[in-house]
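The divalent metal cation binding site annotation in TrEMBL covers B:E134, B:D165, B:Q191, B:E239. The Mg(2+) binding site annotation in TrEMBL covers B:H408, B:H476, B:E553. Per TrEMBL, domain 'VOC' is recorded for B:405-545.
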Protein chains: 2
Amino acid sequence: MRKTIATVSVSGTLAEKLEAIAAAGFDGVELFENDLLACPLPPEEIRARAADLGLTIDLYQPFRDFEAVPDDLLARNLRRAEHKFRLMERLGTDLLLVCSNVSPEAIGDDERAAAQLRLLAERAAGHGVRIAYEALAWGRHVDEYLHAWRLVRLADHPGLGLCLDSFHILSRGSDPIGIEAVPGEKIFFLQLADAPLLAMDVLQWSRHYRCFPGQGTFDVAGLVRHALNAGYAGPLSLEVFNDHFRQADTGRTARDGMRSLLALEGELAGTTHPCVPTGFAFAELADDGGAFGEVLGALGFTRAGAHPRKPVELWTQGGARLLLNATGAEPSLAAIGLDGPDPAGAVKHAEALLSPVLPRERAPEEARLDAVAAPDGTQIFFCDDSWLSDFPPPPAGRSGGAVTGIDHVALTQPWHYFDEAELFYRTVLGLRPQGSLELPDPYGLLRSKAMSDPGGAVRMVVNIAQVGSGDVPWQHVALACDDVLALARRLRAEHPGLLLPIPANYYDDLEARHDLGPELRELRELGVLYDRDARGGEFLHLYTVTVGRVFFELVQRTGGYDGYGAGNAPIRLAAQHSGHRSGGH
Amino acid sequence: MRKTIATVSVSGTLAEKLEAIAAAGFDGVELFENDLLACPLPPEEIRARAADLGLTIDLYQPFRDFEAVPDDLLARNLRRAEHKFRLMERLGTDLLLVCSNVSPEAIGDDERAAAQLRLLAERAAGHGVRIAYEALAWGRHVDEYLHAWRLVRLADHPGLGLCLDSFHILSRGSDPIGIEAVPGEKIFFLQLADAPLLAMDVLQWSRHYRCFPGQGTFDVAGLVRHALNAGYAGPLSLEVFNDHFRQADTGRTARDGMRSLLALEGELAGTTHPCVPTGFAFAELADDGGAFGEVLGALGFTRAGAHPRKPVELWTQGGARLLLNATGAEPSLAAIGLDGPDPAGAVKHAEALLSPVLPRERAPEEARLDAVAAPDGTQIFFCDDSWLSDFPPPPAGRSGGAVTGIDHVALTQPWHYFDEAELFYRTVLGLRPQGSLELPDPYGLLRSKAMSDPGGAVRMVVNIAQVGSGDVPWQHVALACDDVLALARRLRAEHPGLLLPIPANYYDDLEARHDLGPELRELRELGVLYDRDARGGEFLHLYTVTVGRVFFELVQRTGGYDGYGAGNAPIRLAAQHSGHRSGGH
C-alpha cells in the first residue's frame with residue numbers, strides 16, 4: 001500500500017521534513033498548514049521540491065470550523081475556503097481535510113451541516129478539489145465517525161467523503177467495526193496514530209501523546225483491517241502530534257514511522273514474527289582491560305577462553321556467557337547476543353524493518369555473526385551456537401556456581417527515543433511489552449518498560465532517566481541464580497566491598513509489610529532485597545556496585561514471579577547515587 | 001505560624017533534604033517514608049540530625065490502606081501499624097498520617113471504618129502516637145474531607161483527628177467552607193499544595209503536577225483562612241509531588257517553598273503588594289562593545305549620554321530608555337529597571353521574600369539603585385527617577401521617533417524553574433498571570449506565560465523552551481510604537497537587512513482569515529504581522545534579527561488589544577531558526 005505521513009509528525013523546517021520523509025521511503029505527505037505558513041518557499045516551489053524528492057502531496061490540512069454555522073458566517077467561511085482551494089491548485093494537491101466544527105457558533109443541526117458541506121464540495125469541485133470530512137473526538141456536535149458518515153451520506157456529493165483517524169475513533173472507545181458500513185470509495189483518507197492509555201482530556205492526549213502504531217495500546221491494525229474490508233484503497237498515513245517527536249531528529253523519526261507502517265503491513269498480512277529469540281547467547285562488556293575480571297571472578301565466573309584474533313575473553317558460569325572486550329573504552333555493556341532458530345532470517349527481518357545492520361570484519365574461518373544497532377546504540381547479535389567455535393574449547397569449569405544464566409538486561413535510552421525503543425524491541429525482536437512504570441530516583445524519575453518473549457526467556461528492560469541535569473547512564477545485566485542467598489553469603493564473606501549496601505530501614509519496613517519470620521534476618525544480614533506478587537511468587541535479588549556504567553544484579557524467581565522487583569528500585573537508586581557521590585565505584 | 005515541608009517535595013538524599021530545608025528557614029518536616037527507607041542512617045541518627053539542624057519531625061507519612069477492611073486483614077494491618085509506632089518512637093515523632101483506603105478490599109461501611117480507626121488510635125496512644133486521618137481524592141470509599149470528618153467524629157477518640165490537604169479538597173471542587181464545621185483541635189495537620197488546572201486523572205495530576213501555593217490556580221489562602229477560623233493552630237505544611245521539583249536543585253526548591261509560605265502569610269494578613277511597579281525605567285543590554293549601537297540607531301534611538309565612571313551609555317527614544325553596558329559579554333539582556341513609588345520598600349519586600357539582593361558598587365555621588373536577581377539571573381532594579389542624574393543631561397533628542405516606550409520584556413527560563421519564575425514575578429513584583437500558552441517551534445515546543453500589573457504598564461513574558469538538544473536562549477525587548485507601519489516602511493527602505501523576513505504564505509493565510517482590504521498589501525510588503533482579538537482590538541508587530549541572544553520587537557496595540565500575537569510566534573520562531581542555521585545574525 002502507499003505510505004504517507006503528515007509533515008507535523010516530524011521536527012524541522014518544511015524543507016528538512018520533506019527530505020527526511022523521502023529518505024525514509026514514504027510515497028507522499030499530508031501537508032500541515034502551519035508548516036506551509038512558516039516556509040519561505042512559495043507553494044509552486046514546495047510542489048516542485050516534493051516532486052523532485054519523489055513525494056506526492058496527498059492531502060492539505062486542516063481546514064477548521066466550517067460547517068453547521070449561521071448563514072452570515074457561512075459566507076465568510078466559503079471565502080476562506082476559496083483561498084485555500086486556490087492555494088491547493090498552486091500546490092498541485094486535490095484533497096482537503098475538513099475537521100468537524102469545534103466552535104461555540106456551530107449549530108447542532110445535521111441538515112444544515114450536510115447542506116453546507118455539500119455547498120463546500122460543489123465550490124471545491126470547481127478547483128478540482130475534493131473534501132475529506134473528519135469527526136474530531138472533541139468536535140462540538142460531530143465527534144463520532146459514524147455521525148460524520150451520516151452527514152456525508154446526507155450531503156450526497158461525489159467530491160465529499162470521509163477522513164478516518166484511528167486516534168479520534170479509538171480514543172473515544174468507538175467500535176471501528178462500523179467502518180465496514182461505509183463504501184470504500186467514500187473513505188477518502190485514512191490517518192493512523194497510536195497512543196498510550198492515559199486518563200486525561202482527549203484534546204491534550206491527542207496534541208501531546210500520540211505515537212506511531214505499535215508504540216501505544218490501540219489496535220490500529222484491527223481498524224485498518226475494517227477499512228480494507230470496506231474497500232479503502234488509499235494510502236496508510238501517519239499523523240502524530242508528540243512532544244518528544246517535535247524535539248527529536250527529523251530523519252530518525254521519519255524512519256521510525258516507516259518501520260511502524262512496515263510492521264503494520266506485516267501484521268495485516270497475518271505474518272507472525274519470523275524469529276523471536278529463544279534466549280540470551282551472551283552479553284558483551286567493553287572495558288579498559290581488566291575492570292570486570294575481578295567482579296566476574298568473585299561472582300563465580302570462569303575465564304573459559306580467549307578469541308584467537310581479538311582482545312576478547314569468554315567468561316562462563318552455568319548458562320551465562322559474558323564476553324569481555326578490551327576496547328579501551330569506559331566499562332559498558334556493548335552488545336547482546338540472542339539465540340534463535342534462524343539468525344540469518346532474523347537479520348533479514350531486522351533489515352527489512354530499517355534497522356541498521358552493523359559492518360563487521362571477520363576472518364574467513366570465523367563464525368558469521370550479524371548484528372543490528374538498537375536505538376541506544378547497543379549491538380544486537382543474532383546467533384546460533386557456532387560463534388562458540390571461535391573460542392578454544394573451555395577447560396573443565398568450576399562446578400556448583402550459583403548463576404544459571406542471564407535473567408534480563410536493562411538499558412538506558414536517550415529520552416527522546418523511548419517510543420522508538422519500544423517499537424524496535426516489539427517489531428524487530430518480537431518481544432511483547434509487560435508494562436510501564438515510573439520509579440522515583442533521589443534526583444528525578446526513571447521511566448521503565450519491560451519487554452519479553454512469551455516464555456520469559458529473553459527479558460529486556462528499557463529505562464529513560466529524567467534526572468537532574470546529569471545523566472544516569474547505568475546499564476545492568478541480571479544473572480539468574482538457583483540459590484541467591486548462598487551466593488550472597490559467600491560474597492559478603494569473601495568480597496565485602498562488592499555488593500551494594502542496603503539500608504537497615506528497608507528491612508524494618510519489610511518486616512512491617514510481610515511476616516517473613518527468620519528468613520527476614522537472613523535477608524537483612526545479607527543485604528538481599530525481597531518482593532512478593534499477588535499470587536505468592538517471590539523474588540530475591542541483590543546488586544553489585546557499579547563498574548564504569550555497568551552493574552550486575554543477582555536474582556532468583558520462585559512461584560512464577562514475573563516482575564523485576566520494581567518497588568525496590570528506589571532503594572537501589574538511592575544507594576547507587578550515594579556510592580557514586582561519595583566517590584565509591 | 002510554624003512552617004514545615006514534606007521531605008518528598010524536594011530532591012536529594014534525606015540528609016541533603018534536611019540540610020536544605022533547615023537552611024531555607026523551615027521549623028520542621030513531614031518525614032516521607034520512602035526517604036527514610038532509602039536512608040542509610042538509623043532513625044535515632046535522623047532524629048539527632050534533624051534536631052541539630054533545628055528541625056522538628058512533625059509528621060510521619062503515609063500509612064496506607066488501613067481502615068474498613070475484613071477482620072483477618074485488620075489483624076495484619078494492626079501488626080503493620082505497631083511496627084510504624086515503634087519506628088516513630090525511635091524518630092521522636094508522634095503524629096502518623098493515615099490515608100483513606102484505596103484498596104479493592106476496603107468495605108464501604110462507615111461503622112466498620114470508624115471502629116477500626118478508633119482501635120488504631122487506641123493502639124497508637126500506647127506509643128504516644130496520634131493519628132491524622134486524610135481523605136485521598138481517589139480513596140475507594142472515602143474521598144471527601146467531610147466524609148473523613150464524619151468517620152473521625154464517629155470514632156470519637158482524642159488521639160484521632162483530621163489531616164486536611166488543599167490538593168485533595170480543591171482538586172475535587174469541594175467547598176472548603178465546610179472546614180469551619182470541624183473543631184480546630186480536631187484538625188491535627190494542614191498540608192498545602194497548589195496545582196495548575198489540568199483535565200486529567202486526579203491521581204496523575206497529584207503525583208506529577210502539584211506545585212507550591214501561588215504557582216497554580218487554587219485559592220490556597222482561602223482554604224487556610226477557613227482552617228484558621230475553625231481554630232487550627234498547627235503548622236502550615238507544604239506537600240508537593242512535582243516532576244520538575246524532583247530534578248531541581250534541593251536548596252533552591254526549599255527556598256522557593258519558603259517564599260511561597262511567606263507570601264501566603266502576607267495574603268492571609270490581608271496585606272496587598274506594597275510596591276507594584278508602575279512602568280519600565282530601562283532595559284540594560286550587555287554587549288561586547290558596539291553590537292547594539294547600529295540596531296538602536298536604525299530604530300531611531302539617540303545616544304543620550306554616557307556614565308561618567310562606567311562603560312555604560314544611555315540610549316533613548318520617546319519613553320523608552322536602553323542602557324548599553326560594554327561588559328565584553330555575549331550581547332544579552334542583563335537587567336531591567338522598574339519604576340515604582342517606593343524603590344527602597346520594593347527591595348525590602350523582595351528581600352523578605354528571599355530574593356537575593358545583588359551587591360553593587362557605586363560612587364558616593366551616584367544614585368542608589370538596588371537590584372535583586374530574577375530566577376533566570378536577570379537583574380531587576382527598583383528605581384525612581386534619580387538614576388537619570390548619573391548621566392549628563394541629554395542633548396535635545398531627535399523628535400518624531402515612532403517608539404514611545406517599552407511594551408514588554410520576554411525572558412527564557414531554565415526549564416526546571418518555570419514555577420519558580422511565576423512565583424517570583426507574582427509575589428516579589430506583584431504582577432498577575434495573564435495566561436499560559438504552548439507554541440510550536442520547528443524543533444520543539446515553547447511554553448510561555450505572560451504576567452502584568454493590572455494597568456498593563458509592566459508586562460513580562462517568561463518562556464521555557466523544550467527544543468531539541470540545544471537551547472533557544474533568546475530574550476527580547478518589545479518597543480511600543482505609535483505608527484509601526486511608518487517605522488517599518490522607513491526600516492525596509494533604509495536598513496533592509498535589519499528586519500526578520502516573514503514568508504509570503506503567512507499573508508496568503510491572513511487574507512483568507514481576515515478581510516483586511518488594501519491594508520493587507522501594506523502588511524505583506526512591510527513584513528508586519530497582524531492579530532485581532534474577539535472584540536476587534538488589533539496588534540501590529542514585527543521583529544529585528546537577533547543580536548547575540550537579543551532581538552527587538554516593534555509593536556502597536558489598538559482597541560484595547562491585551563495579548564502578544566501568540567498565534568504569530570511559530571512564524572517568528574521558524575524565521576529565527578532559519579536565520580540562525582543559515583549563518584545569519
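Every residue number used here counts from 1 along the chain in the order it is shown.
Keep in mind that glycine also has a Cβ here, set from the backbone N, Cα and C atoms.
Because TrEMBL annotations are produced automatically, they should be read as predictions rather than curated entries.
Feature map: annotations from TrEMBL on the structure.
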{"residue": "B:E134", "record": "divalent metal cation binding site", "Cβ contacts under 8 Å, 6 or more apart": "B:L97, B:V98, B:C99, B:S100, B:A148, B:L162, B:C163, B:L164, B:D165, B:H168, B:Q191"}
{"residue": "B:E239", "record": "divalent metal cation binding site", "Cβ contacts under 8 Å, 6 or more apart": "B:I5, B:A6, B:V8, B:S9, B:E30, B:D165, B:F167, B:Q191, B:L192, B:A193, B:R210"}
{"residue": "B:H408", "record": "Mg(2+) binding site", "Cβ contacts under 8 Å, 6 or more apart": "B:A450, B:S452, B:R459, B:M460, B:V461, B:A478, B:Y564"}
{"residue": "B:H476", "record": "Mg(2+) binding site", "Cβ contacts under 8 Å, 6 or more apart": "B:L333, B:V409, B:A410, B:Y543, B:V550, B:F551, B:F552, B:E553"}
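Least crowded of the binding-site residues (B:D165, B:E553), judged by neighbouring Cβ atoms within 10 Å of its own Cβ: B:E553. Listed in sequence order, the residues B:L97, B:C163, B:L164, B:S166, B:F167, B:H168, B:F189, B:L190, B:L192, B:A193, B:S237 complete the 8 Å Cβ shell around the divalent metal cation site centroid, once B:E134, B:D165, B:Q191, B:E239 themselves are left out.
The 10 Å shell around the Cβ of B:Q191 (divalent metal cation binding site) contains 26 further Cβ atoms across the protein chains shown.
In the three-state DSSP assignment, the secondary structure recorded for B:Q191 (divalent metal cation binding site) is strand. Sorting the domain 'VOC' (B:405-545) by DSSP state (H, G, I as helix; E, B as strand; all else coil) yields 44 helix, 55 strand, 42 coil. Computed over the domain 'VOC' (B:405-545), the whole-number mean pLDDT of the model equals 91. Under the three-state DSSP scheme, B:E134 (divalent metal cation binding site) falls in the strand class. The Mg(2+) site, placed at the center of the C-beta atoms of B:H408, B:H476, B:E553, has further neighbours from the same chain whose C-beta lies within 8 angstroms: B:D407, B:V409, B:A410, B:V461, B:V477, B:A478, B:L479, B:F551, B:F552, B:V555, B:Y564.
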